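What Swiss-Prot records for this protein:
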type: BINDING; residues: MET96, TYR125, HIS164, SER187, LYS188, GLY189, ASN228, GLY229, ILE230, ARG231, GLU267, TYR294; note: substrate binding site
type: BINDING; residues: HIS271, HIS335; note: Zn(2+) binding site
type: BINDING; residues: CYS410, CYS413, CYS417; note: [4Fe-4S] cluster binding site
Amino acid sequence: MKTQIELARDGIISRQMEQVAADENFNPEIIRTRVAAGEIVIPCNPNRTNQKVVGIGTGLRTKINASIGTSSDICSIENEVQKAIAIEEEGADTLMELSAGGNLDKVRQEVLKAVNLPVGNVPLYQAFKETGRKYNDPSKLDPEFLFDLIERQLSDGLSFMAIHCGINQYTIERLRKQGFRYGGLASKGGTFMVAWMDATGKENPLYEQFDRVCTLMKKYDAVLSLGNGIRAGAIHDSHDRAQMAEMIINCELAELGREQGCQMMVEGPGHVPLDEIQANIILEKRMSGNAPYYVLGPIPADTGAGYDHITSAIGAASSTWHGADLICYITPAEHLALPTEADVREGVRATKLAVRIGDIAKYPDRRENERLASMARRDMRWDDLEQHLLFPDIARKTRASRAPEDGGTCTMCGDFCAMKKGNEIFKDDIKNDKIAPGA
């Protein structure tokens, strides 16, 4: 079986490429060209026939990933399945199943059955969890068990994986030599891999046997998302030498993976101050050959716990604007607790708004929906306005809960409604289209 990137290089427009082109209003040949170049990926494990086709990358609508998963403290398969269903209902594009407690195979399989979204994971979680259960010591992890586990997970139908290939002895040495890390290590999988390397004195097998990782991913046409295990967990650590060392390696691996016919994506931070986000995107795009960039937020302040879905949305709007391709949501529970169903819904909504704001800036020719919404608001055509809103159900419920006396207005202004008064003054004078320059 050939992967999407191999088919594209052979000049073949696959069914999945056709679907992405139709969904995004592109000529299929443009999609094929960008898939061939590694600028667009399409997670599409053939073992999962009910999966929604989603394109991620250059020129496409910025996509949203939402994550779920059990922990050692809270472990309910039913809860995670309900969260997965809620995430799909709210409009996320991809889902990561990141369980670390309970029957991990069962959680993954139930989630895969419950939704149609492309599903990914971090295989190191289960690898270290099961090793810890067996030996009471995660550092006893056998690399052969890890590779067997990756294939087992892929065979279930996972379409992308965050795999920490960029951590190696060199990146760890950079971290030790710089002598500081205000936020420590923020990646669970990355931290356990560093601990394994420290305990064994060996190189990271995911880096050392990178070709083997690519072979497994190619077998299932899954996207290899190069995880950032040394990412900054505090804005004061942003772009330190350790993070940059891993980023350089990941960007190099993205190129090597593409050469082997593997669909590749690079993961980004993390915690990044607002003034550094653009530079971060430029660096990844330049060094990776424009590989799709999967950004975890980013979170541009460290003091927003309880409202980090808002903190992250601000960073996500900026990173989307500057070229990020896939944004991982953050929920209000981030840094505090395992999220509830209500938390994941709120996280998707905040991120949905953030990427819309970012896409308006990234693609100025895609603002028509905003224009139509504005005109409907101006004319007090409430039913028409709802058709153009990101969250029509919320808008409808809020307005109905405090209904105005005049059905054309709302209770914010009542008799002082600027829209109503403006329509009385100007009637049809301001209802024409703007004349384009030079027309």
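Please read every residue number as a count from 1 along the shown chain.
Glycine is no exception: its Cβ is also placed from the backbone N, Cα and C atoms.
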**Fill in**
argmin Cα dist to ILE230 (substrate binding site) over the binding-site residues HIS335, CYS410, CYS417 returns HIS335
**Fill in**
Its Cβ having more other Cβ atoms within 10 Å than any other among the binding-site residues HIS164, LYS188, the winner is HIS164
**Message:** What whole-number Å value do you get for the CA-CA distance of CYS413 ([4Fe-4S] cluster binding site) and HIS335 (Zn(2+) binding site)?
**Reply:** 39
**Asked** In the structure shown, which of the binding-site residues HIS271, HIS335 has the fewest other Cβ atoms within 10 Å?
**Response** HIS335
**Prompt:** Going by C-alpha positions, which of the binding-site residues (HIS335, CYS410, CYS417) is nearest GLU267 (substrate binding site)?
**Reply:** HIS335
**For the [4Fe-4S] cluster site built from CYS410, CYS413, CYS417, further residues of that chain with CB within 8 A of the site's CB center** = PRO404, THR409, THR411, MET412, GLY414, PHE416, ALA418, MET419, LYS420
**Same-chain residues at least 6 apart in sequence whose Cβ lies under 8 Å from MET96 (substrate binding site)** = ASN65, ALA66, SER67, ILE68, GLY69, VAL119, GLY120, ASN121, VAL122, ALA162, CYS328
**Prompt:** What is the interatomic distance between the Cα atoms of LYS188 (substrate binding site) and CYS417 ([4Fe-4S] cluster binding site), given in whole Å?
**Reply:** 52
**Other CB atoms, at most 10 A from the CB of CYS413 ([4Fe-4S] cluster binding site)** = 13
